[in-house]
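Quick notes on the structure that follows.
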Amino acid sequence: DLLKTIRRSNLTLHNRATHQMDPSERYCYNPTLRWKPQVEEYFIKAYGADHFARISKALTCPSCYSCIRVNTLKSTSDAVIEKLFAILRETGLQDAIDSIHMSKSNASAKFSMGQKQKSFLKASYIPQNLDGCSSAALEFSESVDPLNASLQTGHISKCQLPGLDYVVFVRGSGPHSIEYGHAQDRPPKEVIVSRKCAEAVLRGAQVFVPGVLACSGHVEKGDVVAVSVAVEQPSPDGGWGIGITRGTVLQGVQTDPYYFERNGLYIGKGTTMMSRAGIFRVSEGIAVDMNNRVFKLSSFHDVLEGEIFLQNLPSIITAHALDPQQGERILDMCAAPGGKTTAIAILMKDKGEVVAVDRSHNKVLDIQKLAAEMGLNCITTYKLDALKAVRRRSESHDMNTLCCSKDTIGPTFQNSDPLKLQIEVMSFVSKEGLDTDLPRKENLSNEQAKHRTYTSKADLRKSIRRMRNGPGRNHFAGGRVEISEGFPPNSFDRVLLDAPCSALGLRPRLFAGEETIESLRNHAKYQRKMFDQAVQLVRPGGVIVYSTCTINPGENEALVRYALDTYRFISLASQHPRIGGPGLLGGCELSDGYIEEWLRPGEEDLVQRFDPSSPLDTIGFFIAKFNVGPKYA
């Protein structure tokens, strides 16, 4: 604490010695993404200094449109668009829609594909080490035009990309300049929120109580407050941290915590929904209703559940790249939260089997819940670590045998169809019998009793209530998750490996200092092990699709290089639709002498790289598709 106080005092004295900052420079949104020096050096080598600067800037802002995937088994794009307009009118947002149509904001300028942005594409998007890949660049440029046309047709519009007419875009706007009402001797009332809270607010969320760190004194319910964010700062021990005690009173003076560090980190104004005392007394609820935001994006929380799913465009493209066919058996290796799993099932028209696995019990429950909401019956879920996806037992072992644990005590009902779930419960109750009070006529030995399973009346009553009321959030499908021992080799027609990664492509992002060169390299090692599992599980003649949400070439192009060099029977395959840009050629020598190899000429056109600084305005993402040939030829 003493070191923090000294550091803050020195910083305050330093800033007082400099010129007085213009309030317009303080009360604005102009963040700078901070990286570890070695990580920044690595990315500059990969992209070039100017291009990486643009990527870093783009990562601090959300995409200026929301992408909605329509469940075509329940609805259509036209029906969803009509319902969304009706909801917006009911909630009083029609005026906001009209103003977006009439205004020529920064957002419309960003979406415009005039000559200026076409030159921007040529100058800044194509990486410096992509000599000779003009065909890929041209294909990418052509793919932007239908997307731009979709966004220009209205606030809510259908995607015009071929094969993606079930995707709906909802346009937002920003960044907006906000008048915070500051005066030289009278600063505005203020609330400081955590970084993660701020990133959610930038995507359209409200400020909830757990995200508030500090607040001005004498704030009452209904007050208008400026909302700023405290981003992690370097600490004396070489790490990063936030030196704010939750509940700190802000005075609006330079001795406030992180006063200078919050310059350019104001994300909007809102109305407090409770007093300062209430904010720090309760544990949940909306603290600030954000009614004047830097970025205006619609929120779709609990909107048209089962009919739509909010999903990033590259994730939707990933499911298409897999090209699932009806009747096939498909594995989603790291399936949570289930967006790509359900997208695959819908593309298959719910005919076949999609096996979705994740290592987390609660995340598997989330997949089951989403499948039930969307009315999908072809999805089977298991708790399974992707690193142990290949079963090591004898081939004669039944591939569907599941081991039991405390997660599977009592009856397990796996079906995501509520009607079939009720039938299963009825069948279970019928088999076990409700009158468990009657004495058993048979006299069981201790050994026989040890292997016999009894069900208590309490479990039976719970099953009946579940049948009547439907599954709850934490008790979906009996609140139990089946645990798989893995699958035999060559068990699947297609495998999707949407690998856990550094997530350095997700946006908005206000901090990137947690990743080091070592941690990035560890992500890549982990992904290679999972890819090894995927290769064993897919049958000869099958397909593997690998994807990440990171800009790190070591987790993207380097994985492709590893795959092609290690497994001679797999090859890169073309993807449809193709709207992403080309991959990175060559390689990079790191500061410790380690040489990372990426793609070779001719391979860059077969992958899709989504650059957050490109006119597509997506998250950073990467997709590679592999055809699997005869494994033992």
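Every residue number used here counts from 1 along the chain in the order it is shown.
Each Cβ is built from the backbone N, Cα and C atoms, and glycine gets one as well.
Unlike curated records, TrEMBL annotations are generated automatically.
Model, not experiment: these values are computed from the prediction.
What TrEMBL says about this protein:
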{"type": "DOMAIN", "residues": "241-629", "note": "domain 'SAM-dependent MTase RsmB/NOP-type'"}
{"type": "BINDING", "residues": "CYS334, ALA335, ALA336, PRO337, GLY338, GLY339, LYS340, ASP358, ASP385, ASP498", "note": "S-adenosyl-L-methionine binding site"}
{"type": "ACT_SITE", "residues": "CYS549", "note": "active site, nucleophile"}
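Recorded features from TrEMBL, shown on the structure.
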| residue | record | CB count, 10 Å |
| --- | --- | --- |
| CYS334 | S-adenosyl-L-methionine binding site | 22 |
| ALA336 | S-adenosyl-L-methionine binding site | 23 |
| GLY338 | S-adenosyl-L-methionine binding site | 26 |
| LYS340 | S-adenosyl-L-methionine binding site | 24 |
| ASP385 | S-adenosyl-L-methionine binding site | 16 |
| CYS549 | active site, nucleophile | 24 |
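Among the residues CYS334, ALA335, ALA336, PRO337, GLY338, GLY339, LYS340, ASP358, ASP385, ASP498 said to bind S-adenosyl-L-methionine, no two Cα atoms are farther apart than 19 Å.
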